[in-house]
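Record features (TrEMBL):
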- 88, 132, 133, 134, 135: phosphate binding site (BINDING)
- 212, 214: substrate binding site (BINDING)
- 47-299: domain 'Nucleoside phosphorylase' (DOMAIN)
Ligand code: R2B
Ligand code: URA
């Protein structure tokens, strides 16, 4: 993204004139409200919003952030899920970091991002960076590898998110911040020794099975040759991995003028199979890798 895509004062760009006119805004799915809570007091110091699919992983990340940033809680206090009463997403705040779950797929991530972007606006946060820390299927790379998304594309290799709004197709460019992605890749190359990091296009699909060309879903109307031809073709076009949220993440960050990056760990090499068969222990360890990279980046930004 160019500098002109960001607001000069670092605030999020809220492209909705109606919000200002509302007496209060209920952020229903994260269980917060601009009327009954002082969101500025609660959240104005936030600089990093880290999100990932599952509540458990993001709770673990919150504890990891607390330890790594050496944030002491007052005696008797404990990290708690701010959005617990929504029963939808889990959210934690640890100093300048929010750790929040987004569920699976674009619709779930999109609802969360609408409310988180509005939260950043109501709280008057400045210069915030959003990171998605996720899992993916790698294409032609070893399982356990880190992938930093250079560009998100849909299942047809288009680099925009298409929405149906009031009966019309609306397209939003899915652009990610190149400098941020490069910075993350450099940190990964220098400091994450357990695995190699790749930089590439991420194909974001609306389905895990047929949408990602798997042969092991409940339905399959194509052959193994069709599948392999497709995976090889997109690999040649620079696709390194597949997951289910990056396109909306990129498009929504771009539209809001927020710097965002997607860091995933690959759970398998799709050129060799479809089933995710690594042990729970191995997968736990792999899923810590995007979190480790995020922490190293955050500490660097905080001069720690
Ligand atoms: C990666 O993993 C999930 C599917 O298993 C999905 O949320 C994604 O993007
Ligand atoms: N997540 C996906 O979306 N696809 C995979 O293959 C693995 C994780």
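Positions of Cβ are set from backbone N, Cα and C atoms, glycine also.
What TrEMBL annotates, mapped onto the structure for a quick look.
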residue: 88; record: phosphate binding site; Cβ within 10 Å: 18
residue: 132; record: phosphate binding site; Cβ within 10 Å: 27
residue: 133; record: phosphate binding site; Cβ within 10 Å: 25
residue: 134; record: phosphate binding site; Cβ within 10 Å: 28
residue: 135; record: phosphate binding site; Cβ within 10 Å: 21
residue: 212; record: substrate binding site; Cβ within 10 Å: 22
residue: 214; record: substrate binding site; Cβ within 10 Å: 18
For residue 212 (substrate binding site), the one of 88, 132, 135 that lies nearest, given that the binding-site residues are compared by Cα: 135
Coarse DSSP state, helix versus strand versus coil, of residue 133 (phosphate binding site): strand
Filtered binding-site residues, from 132, 133, 135, 214, whose Cβ is under 6 Å from an atom of ligand 1: 135
Rounded distance in angstrom between the Cα atoms of residue 214 (substrate binding site) and residue 135 (phosphate binding site): 16
Binding-site residues near ligand 2 among 88, 134, 135, 214 (Cβ under 6 Å): 135
Average model confidence [pLDDT] within the domain 'Nucleoside phosphorylase' (47-299): 98
Extent of the phosphate binding site in Å [max Cα distance among 88, 132, 133, 134, 135]: 20
